[in-house]
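Below is one structure, written out as structure tokens; comments come after it.
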Amino acid sequence: MNENLFAPFVVPVMLGIPITTLIIMLPALLFPTPNRLITNRMVAIQQWLTKLTSKQLMITHNLKGQTWSLMLISLFLFIASTNLLGMMPHSFTPTTQLSMNLGMAVPLWAGTVVMGFRNKMETSLAHLLPLGTPTFLIPMLVMIETISLFIQPLALAVRLTANITAGHLLLHLIGSATLALTSISLPTALITFIILTLLVILEFAVALIQAYVFTLLVSLYLQDNT
């Protein structure tokens, strides 16, 4: 069966009903709740990575910002697990959907902005106008800074969508080329297969890096508003 190039990004349905919600909930099974006095290796590694990531994200925050630590580490684990879900054969990557990424980015960005205007109104407004701006440039710069402020959640969502989608498309193209070359030239097919293997390893790294970058940018927005 010939698949369209964008077939992996089509929302899967069952009996005419989208099952995206079930797919998004699936990675949560990878993070079991420990119920033993002595944890196993998987839970120990999970806790160590969680503490390490949380420390890196919260090291520059004050007490108000540190109250977001549970939300940020949960966001990182959620995005990382859904990105890795797409690396499984015949699977679906929810983070390739711009609507889902906007659904994560907009509420988090809005929460940091509202917190900034609530806790330090003058500082938040001062960010809209750089110090020492000539008088005749004030209206233009305020408009530009306001637009850049509202673009932040869109940039968050588009960055994650573009990186995950581009990686999956590249894997799909090279995988198709490898299958086509097996009947033409086995040495060339072997070379492309090696390249495909290296790209798969790289894509695993990209899945984790993009989750960290998304969470880190939200953390930086929070730091600017606390």
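Glycine too: its Cβ is placed from the backbone N, Cα and C atoms.
Note that the structure is predicted; figures quoted are calculated from it, not measured.
Annotation comment: TrEMBL describes 6-31 (among others) as transmembrane segment.
Residues annotated as transmembrane segment in TrEMBL: 68-86 (among others).
Residues of the same chain lying 6 or more positions beyond the ends of the transmembrane segment (98-117) and with a Cβ under 8 Å from any Cβ of it are 20, 64, 71, 75, 79, 123-124, 149, 152-154, 156-158, 160-161, 214, 218, 221-222, 224-226. Taken from TrEMBL, the feature transmembrane segment applies to 98-117 (among others).
According to TrEMBL, the feature transmembrane segment maps to 129-151 (among others). With a cut-off of 8 Å between Cβ atoms, the residues of this chain six or more beyond the transmembrane segment (129-151) that come close are 113.
Sequence annotations record features per position, and here TrEMBL assigns transmembrane segment to 157-181 (among others). Here the transmembrane segment (157-181) has Cβ contacts under 8 Å with residues 5, 8-9, 79, 83, 86, 93, 95-98, 101-102, 104-106, 188-189, 192-193, 195-196, 199-200, 202-203, 206-207, 210, 213-214 of the same chain, all six or more residues outside its ends.
Using a Cβ-Cβ cut-off under 8 Å and counting only residues 6 or more beyond its ends in the same chain, the transmembrane segment (193-222) has close neighbours at 53, 57-58, 61, 65, 68, 72-73, 75-76, 79-80, 83-84, 86-87, 95, 104-105, 108-109, 112-113, 115, 152, 156, 159-160, 163-164, 167-168, 170-171, 174-175, 178. Residues or ranges marked as transmembrane segment by TrEMBL: 193-222 (among others).
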